[in-house]
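Participant: Found this in Swiss-Prot, in case it helps:
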- ARG64, THR65, ARG114, HIS142, GLN145, GLY271, PRO272: carbamoyl phosphate binding site (BINDING)
- LYS92, ARG176, ARG230: L-aspartate binding site (BINDING)
Amino acid sequence: MQHAQRPTWPHKDLLDVTQLTRAELFHLLDTAAQFHDINRRPVKKVPTLKGKSVVLFFAEPSTRTKTSFDVAGKRLSADTFSLAKSGSSLSKGESLKDTALTLQAMTPDIIVIRHSSSGAAQFLAERLDCSVVNAGDGWHAHPTQALLDCYSLRQVWGDTFEGRTLLILGDIAHSRVARSNVHLLSSLGVKVRLCAPRTLLPAGVHNWPVTIFNRLDDAVQGVDAVMCLRLQLERQQAGLLPDLREYAQRFCLSPRHLTMAAPSARVLHPGPMNRGLEISSVLADAPESLILDQVAAGVATRMAILFLLATRTGIEQTADNGGRA
């Protein structure tokens, strides 16, 4: 069988979107599109990573990201193993380095890590021989979420990112999702706007490649997409928020706001949602919503990431070759 030659994947790890060139980004997205097609078939499992092992090391609570990686690994026929902080020696005072070295002794091919400390994924990547995927480190980065968001927007926009406008709405200060999306989408020529209470904007935000708004009615004018962020309710207890009812009145995205956006504007949310606080239920379930598309994109994109890291292949993967590169 003939195989089409493709560029080899040069990275051992995926730690941040900033490490990817434009060509590498679109190679990853093209690979995700192939897996997205496979995921729509009656039989979704392929033997591509049979014999490979993936450890899901989540030292922070997670449902969506962890499940998405687990499904992605299993659909590639990899063996996946989950480790939560409560079930690891970290909860007994063991250092991250010692836990990581213990995991490496088990010879996994990939470790997917989520940790409350910024830089935790890079710390592991510099010390371990296996590949490391950053599934969220503190407030620093969430590269796989930004990649799946980019994939979801590409399904609507095609490759025409230049000149588009995206509004990110909500708790920017504590959002690694916002940081990764700002870096990735602005690098593609997307004009990024932020809208949040002043207390929920991060220090140094004026150095970001963004335009900042305090009023949602102004921020949403003419945008091509709105990304709502989860409002972390513990911030309200810390005095960073006004009354929640007041917040919803000022910053909850509604169908009225979407009438001010571009005619084909779409809505995204990384989840979990607080309906009626960050986004109205009507809009979350509307045809303009890409929220469920993001979930499907998450599995396909993470399949692509695991595949590229585990094989670093230069051979195009096709469904008809049984998943063998």
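Backbone N, Cα and C define each Cβ position, glycine as well.
Note that the structure is a prediction, hence the values are computed from the model and not measured.
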Participant: Out of ARG64, ARG114, HIS142, ARG176, ARG230, which of the binding-site residues is least crowded by other Cβ atoms within 10 Å?
Facilitator: ARG64
Participant: Between GLN145 (carbamoyl phosphate binding site) and ARG230 (L-aspartate binding site), find the distance joining the two CA atoms and give it rounded to the nearest Å.
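Facilitator: Cα to Cα, GLN145 (carbamoyl phosphate binding site) and ARG230 (L-aspartate binding site) are separated by 14 Å.
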Participant: Starting from each candidate's C-beta and looking 10 angstroms out, tell me which of the binding-site residues THR65, GLN145 has the most other C-beta atoms.
Facilitator: GLN145
Participant: Determine the most Cβ-crowded residue among the binding-site residues GLY271, PRO272, using a 10 Å radius around each Cβ and all protein chains in the structure.
Facilitator: GLY271
Participant: Between the Cα atoms of ARG64 (carbamoyl phosphate binding site) and ARG230 (L-aspartate binding site), what distance do you get, rounded to the nearest Å?
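Facilitator: Here the two Cα atoms lie 13 Å apart.
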Participant: Return the member of THR65, HIS142, GLY271 nearest to ARG230 (L-aspartate binding site) in space, with distance defined Cα to Cα and candidates limited to these binding-site residues.
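Facilitator: For ARG230 (L-aspartate binding site), the closest Cα among THR65, HIS142, GLY271 is found at GLY271.
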Participant: Inside 8 A of the center formed by the CB atoms of ARG64, THR65, ARG114, HIS142, GLN145, GLY271, PRO272, which other residues of the chain have their CB, for the recorded carbamoyl phosphate site?
Facilitator: SER62, THR63, SER68, ALA135, GLY136, VAL177, PRO270
Participant: Can you grab the distance from HIS142 (carbamoyl phosphate binding site) over to ARG176 (L-aspartate binding site)? Cα atoms, rounded to a whole Å.
Facilitator: 5
